[in-house]
Amino acid sequence: MNIIGRNTFAVVNIEKYLKNLEFLNSCTTAKIMPVLKADAYGHGMQELGKAALKSGYDMFAVAFLEEALELLSSGILSKVLIFNYFDPKDLKSVLDYSDYLRPTITSIDFLEKACGILGKDIKKLVFHINVDTGMNRIGIREEELSTLIRLIKKHNINVEGIYSHFATADEKDEFVKIQYDKFLNILNYIINEGIDIKIRHLANSAGLLFFPQSSLDYVRPGVATFGMQPSNIIKVEELKPVMELKSTVAKINMVKSGESIGYGRTFTTLKSMKTAIVPIGYADGYFRNLSNKAYVLINGKKCRILGNISMDQMVVDITEVNTNVGDEVVLIGEQDGVSITCEELAQKAGTINYEITSKLTRRVPRIYIRGGN
Ligand SMILES: *Cc1c(COP(=O)(O)O)cnc(C)c1O
């Protein structure tokens with residue numbers, strides 16, 4: 001049974017996702033490893049993963065083991081790189097899917113514990129090494145490389161890939177080049193130690209678009225695949241937003257001059273106003289700090305949010321808009337040629353576009369479409 005309910009949903013356009021992937025593909029000589037962590041930044045990792053797999057992408061990346069297992073159990077049987085830390089005790093479940101799962105050696109401690117727990121079975125696993133070239137987060141540090149190599153040789157660890165991650169590829173910054181050079185030096189060092197590595201990868205979305213020299217064997221774009229801009233400085237016109245966020249007009253009020261709207265009375269009318277109540281709030285992941293700042297689209301017009309956004313609803317100004325209960329409200333996306341982007345909302349909310357889509361909660365159903373707008 002399909003319940004329409006409050007008529008509030010995120011429309012995810014699979015065709016646009018595939019077109020973005022194609023465009024990114026055309027920008028680099030490397031192979032694309034689509035990043036699907038955090039439920040594909042809120043877009044839905046299973047549906048987008050299936051579409052990308054069908055289109056021939058043969059390796060995906062997620063942050064955590066749980067996410068990799070979700071991909072596999074949804075039938076996406078392909079290589080999945082796990083970027084981040086997990087308890088080495090869980091390596092036993094990685095062993096069950098060793099054809100597909102590619103855990104990362106994120107620290108010396110992780111590798112030592114892994115060897116202790118798996119014993120000889122460690123040889124059945126295929127690892128990627130994350131080397132720290134300047135993020136100072138997870139990853140093997142330069143001074144730990146000799147220990148790493150000793151452990152790899154001692155336990156016959158099967159290393160398929162090596163990678164690092166850029167801190168500033170979205171800015172016009174010298175640091176990208178410093179990290180790139182450092183990565184190549186580390187790579188040389190490891191190869192000279194006789195360790196055979198097939199796959200080298202470094203670039204995220206911004207790296208592959210703005211520093212394509214850094215494309216090696218694979219690139220790992222996330223944000224750009226969803227049509228969001230990887231940089232505040234350079235706009236890439238070819239990227240088409242994959243997600244739209246829509247709701248509906250639930251009620252129309254005529255508010256007299258001098259009345260307040262919502263919790264905390266942060267907005268008071270200076271004249272009589274017509275308002276629309278929209279059944280979406282911060283518990284859906286729409287940022288509460290957009291109260292009194294952001295707009296929604298109704299009938300092709302920008303309507304300002306009035307007062308504090310509530311958990312389940314918001315109030316918008318429709319004084320100048322012709323509309324009825326049941327009409328479409330666009331919170332992210334396009335209506336009659338007018339658009340509201342995640343970048344715009346992120347800027348108003350004091351955050352980045354990544355956070356706008358990945359914070360949309362489960363309460364917002366994702367509707368998958370192909371083609372159209
Ligand atoms: C998230 C992530 C990416 C993707 O980054 P985007 O900026 O979204 O393209 C690539 N590599 C690693 C290691 C990541 O954690």
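Positions of Cβ are set from backbone N, Cα and C atoms, glycine also.
Just so you know, TrEMBL annotations never went through curation; they're auto-generated.
Copied over from TrEMBL:
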- Lys37: active site, proton acceptor (ACT_SITE)
- Lys37: N6-(pyridoxal phosphate)lysine (MOD_RES)
- Arg137, Met311: substrate binding site (BINDING)
- 242-369: domain 'Alanine racemase C-terminal' (DOMAIN)
- Tyr263: active site, proton acceptor (ACT_SITE)
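Structure with TrEMBL features highlighted.
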residue : record                       : DSSP (3 states)
Lys37   : active site, proton acceptor : helix
Arg137  : substrate binding site       : coil
Tyr263  : active site, proton acceptor : helix
Met311  : substrate binding site       : coil
Worksheet item: Measuring Cα to Cα, how many angstrom lie between Arg137 (substrate binding site) and Lys37 (active site, proton acceptor)?
Response: 18
Worksheet item: For Tyr263 (active site, proton acceptor), what is the tally of other C-beta atoms lying within 10 angstroms of its C-beta?
Response: 13
Worksheet entry | Tyr263 (active site, proton acceptor) and Met311 (substrate binding site), distance between Cα atoms, whole Å | 11
Practice prompt. Round to the nearest Å and give the CA-to-CA distance linking Lys37 (active site, proton acceptor) with Tyr263 (active site, proton acceptor).
Written response: 35
Item to complete: Pop the mean pLDDT for the domain 'Alanine racemase C-terminal' (242-369) in here, whole number is fine.
Response: 98
Worksheet item: Which of these recorded positions has the least crowded Cβ, counting other Cβ atoms within 10 Å: Lys37, Arg137?
Response: Arg137
Worksheet item: Would you list the DSSP helix, strand and coil counts for the residues of the domain 'Alanine racemase C-terminal' (242-369)?
Response: 23 helix, 50 strand, 55 coil
